[in-house]
Amino acid sequence: MADEKQRSLRLLSASPFPLPHGLRFSYGTAGFRSDGAILSSTVFRAGIVAALRALKRGSAIGVMITASHNPVADNGVKIADPDGGMMTQTWEPFADALANAPDPQTLLQLVLEFAKDENIPLGGAQSAEILLGRDTRPSGEFLLEAAKQGITAIIGAATIDMGIVTTPQLHWMVRSRNNGLKASESDYFAQLADSFRCLMDLVPNEVEKKGVDTKLIVDGANGVGGAKLEVLKEMLMGVEIHTRNSGKDGEGILNEKCGADYVQKEKVVPCGFGSDDVGVRCTSLDGDADRLVYFHVLSASNDRIDLVDGDKILSLFAIFIKEQLKILNDEKDDGLKKELPARLGIVQTAYANGASTDYLKQMGLEVVSTPTGVKYLHKKASEYDVGIYFEANRHGTILFSENFISLLESRNNELASTSSGSEHHKAAQRLLAVSQLINQAVGDALSGLLLVEAILQSMGWSFKKWSELYHDLPSRQLKVKVADRSAIITANAETQVVKPSGLQEAIDMETAKYTRGRCFVRPSGTEDVVRVYAEGTTQEAADSLAKSVAEHVTRLLGGWEQAHRKKERSTSKILTSTRKTLCGSMNKMEMLLI
């Protein structure tokens, strides 16, 4: 009876959410994304996936309705696993299949088969809890309802609506709830404020006396992050935050000429900034506040900026943590000879500027590379005692292993009883505060900017000193349309081409022509495009290298236009042949009639 009730409920729930005709949806790093107006069926089905995932894991799962830095008309949905991270890749094929099921009957069959294969209990014998959140997009409200309908189509699954939140807040809430901790928005704000206050209290006296500029202007991208920062900043001391593009009262359009993505790609000031901001430290969030960049307005006469991207944010974090570990493990005057073993790892992708990688290695840090995508970076960073990752495109965080935190807490307690207030004790306190301030579930622009501000204060650094850690090598990115992107196969974190034969040799030949030249290609994950990235000591060299390699890609893979023309010729031949056959048949019929 329970199975029949479950079957009927699913079919009844799916009927109001038909699949849009002629469209196909794919679950990627960002989940499902599309025009918000056509996404209700996809979000409904993602709700089913989340409910099944919660039943499978016996833990709370998160569903976030957002399209991050995309235009306001777009929207999307992604699922957070019990640890607050992204949904496991092994479930992505099922999510794709469910999202593209043509009718309720097929959808039901897919659910039943998958539940059987995964040993997921259906029928209500086990309960499931799904936390829901959305950003400020107009389409978010009705899409959230679609998600609720999908979740409750699975008997035993219940929703908890967390309201309008940033993406990192929802991930933090899922992680905290599953760790048995308080998980409300006020708890999130309190944790950030308390850990920030701890770091500010530990600023060295000699640095505090010199004074560092505490003013920070934040571009909120007219999204959810600006509004949340308005609440958070009232709980902070030691930093003077001014928020612009907060999206209040319909002011400004989400991500339009503002936000981290716009500032990083265009390298110009966002709307709402101008000549009065020259020399002031500024930062931009993206629409759902999981990305962050810093910048300086350079002059009153133009809109150019001095940009600090994810590579330099990562470098700042790495310098600070390395220094605290060094203090903690230096020759001790506290009578305790035990060292705190800690493997510190820096994780980048091939898109990290070569100058940043060189700088980090010169500091003696362990630097590794992964394929493009946060899921790869996060997984690799989790292998270290302290793993730091940031994509050049502004998304990243710091991960502390449970074992390291346990050892650090023990060490802190020892120092508190034997040498309270010593430099060793302060270093332990700073590391513990960082582990509380940074969002270990996912990249978080709010916690990230507070950590940046605390470190700059602690080290007594100006924006200029930070910006001049190293100078980026000029780079160029190109997209080459090809007939079939799957013809390219890469290895070594996407830096080497395995197939087609001869392409890597051509890349090596072109790269060798330039001092400090570097170039790699990789297929797009969503379209028949090959992405080319090149670096050189001058912009002219980077442009020339990228152009030469792009030409080799077209030569060896066949350009899209060439393939398109070939297809048109083939279609034309078929039509011509069909016409001749029809004409011949008509002539024969005419002869018979005569």
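Glycine is no exception: its Cβ is also placed from the backbone N, Cα and C atoms.
Automatic, uncurated: that is what TrEMBL annotation is.
Per TrEMBL, the features are:
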{"type": "DOMAIN", "residues": "56-89", "note": "domain 'Alpha-D-phosphohexomutase alpha/beta/alpha'"}
{"type": "BINDING", "residues": "S68, D286, D288, D290", "note": "Mg(2+) binding site"}
{"type": "ACT_SITE", "residues": "S68", "note": "active site, phosphoserine intermediate"}
{"type": "DOMAIN", "residues": "125-178", "note": "domain 'Alpha-D-phosphohexomutase alpha/beta/alpha'"}
{"type": "DOMAIN", "residues": "183-293", "note": "domain 'Phosphoacetylglucosamine mutase AMG1'"}
{"type": "DOMAIN", "residues": "309-461", "note": "domain 'Phosphoacetylglucosamine mutase AMG1'"}
{"type": "BINDING", "residues": "E391, A392, N393, R522, P523, S524, G525, T526, R531", "note": "substrate binding site"}
{"type": "DOMAIN", "residues": "479-551", "note": "domain 'Alpha-D-phosphohexomutase C-terminal'"}
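Sequence-distant contacts of the domain 'Alpha-D-phosphohexomutase alpha/beta/alpha' (56-89) (same chain, six or more residues past either end, CB-CB distance under 8 Å): 29-37, 39, 42-43, 46-47, 49-50, 95, 118-120, 126, 128-135, 137-140, 143-144, 147, 151, 167, 170-178, 221, 253-256, 259-262, 286-288, 290-291, 374-375, 378, 440-442. D286 (Mg(2+) binding site) sits 26 Å from P523 (substrate binding site), counting Cα to Cα.
There are 30 other CB atoms within 10 A of the CB of D290 (Mg(2+) binding site), with all protein chains counted.
You'll find the Cα of R531 (substrate binding site) roughly 26 Å from the Cα of D288 (Mg(2+) binding site).
Take the mean position of the Cβ atoms of S68, D286, D288, D290, the recorded Mg(2+) site; other residues of that chain with a Cβ within 8 Å of it are T66, H69, D135, T166, T167, G223, G225, A260, L285, G287, A289, R291, A445. Taking E391, N393, P523, G525 as the binding-site residues under consideration, the smallest Cα distance to D288 (Mg(2+) binding site) is found for N393. Within the model, the domain 'Alpha-D-phosphohexomutase C-terminal' (479-551) shows a mean pLDDT value of 93, rounded to a whole number.
Ranking the binding-site residues S68, N393 by other CB atoms within 10 A of the CB puts N393 at the bottom. All chains included, 21 other C-beta atoms sit within 10 angstroms of the C-beta of R531 (substrate binding site).
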